[in-house]
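Structure record follows, encoded as structure tokens.
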Amino acid sequence: MTQATPQRIAIAGASGRMGQMLIEAVLDTEGVELAVALDRAGSPSIGQDAGAALGRPCGVTITDQLDALAQADCLIDFTRPEGTLQHLQACLRHDVKMVIGTTGFDSSGRAEIKVAAQKIAIVFAPNMSVGVNATLKLLDMAARILNSGYDVEIFEAHHRNKVDAPSGTALIMGETVASAWDVALPDVATWTRHGDTGVRKPGTIGFSVVRGGDIVGDHTVFFCGTGERIEISHRSSSRATYAQGAVRAARFLARQDNGLYDMQAVLGL
């Protein structure tokens, strides 16, 4: 009996915190192998072994050459929107599938990903955590039940270095509630409050943001009624959960044709 060929994985942002966790997750997962490690041009990590900083040399050298993706089956990318879109074009050139965990895209960037998914298979999700995606299912259920007489507020907290707000996870939570209410999030979202705001408008969804320290990611959705309050929370204590979910998404794509998928599809939820 012949052994199946491992899925060849590429990691973008290989020297960063998330990139290193992704590399470790790939090294720890059966059925996949690290084939390419990408980093930005000028990075001091170029030319180094991708696993050296983990104490696990793996024989894959970090490079800034996007054409190295020709040696991969799937790219996992948790970088910045502008970098991810460059990587997307390289994946299209080399017919490489893609897992995108990057957040902060504008409507144009999201549209570009959607168009690309007509030619390659893509998992695009703001949060790869299994727990977060289970939380989204709970939110959908709660929002369908608590659709009248309850005010919804979404609180999120992240580390001081996160550059986009609200987080992608908070936004998808808001979209989940809005969808259950059969409305569009932009039509009901309240992004900021300051000064004399007047009374709260029924049917709106408020957002609150904290940035500080090394908070990995906290999210709570409040359903506030008269005489009671329901809170649905998820707290991440390690980025490892995102890395493990991303590798799981890559394994899912190995069996998929072209198209745009989310983590709900990956997990069969």
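For all residues, glycine too, the Cβ spot is worked out from N, Cα and C.
Because the structure is a prediction, the values reported are computed rather than measured.
Binding of NAD(+) is attributed by Swiss-Prot to GLY13, ALA14, SER15, GLY16, ARG17, MET18, GLY101, THR102, THR103, ALA125, PRO126, ASN127, MET128, and the same site annotation extends, among ASP39, ASP49, ASP73, ASP151, to ASP39. Applying an 8 A CB threshold to same-chain residues 6+ apart, the list for GLY168 ((S)-2,3,4,5-tetrahydrodipicolinate binding site) reads THR103, GLY104, PRO126, ASN127. The Cβ of ARG17 (NAD(+) binding site) has 12 neighbouring Cβ atoms from other residues within 10 Å, across all protein chains displayed. Among the recorded positions HIS159, LYS162, THR169, the residue whose Cα lies closest in space to that of GLY13 (NAD(+) binding site) is LYS162. Take the Cα of THR102 (NAD(+) binding site) and measure to each of the binding-site residues ARG40, HIS159, THR169: the nearest one is THR169.
Annotation note: THR102 (NAD(+) binding site) sits in a coil segment as assigned by DSSP.
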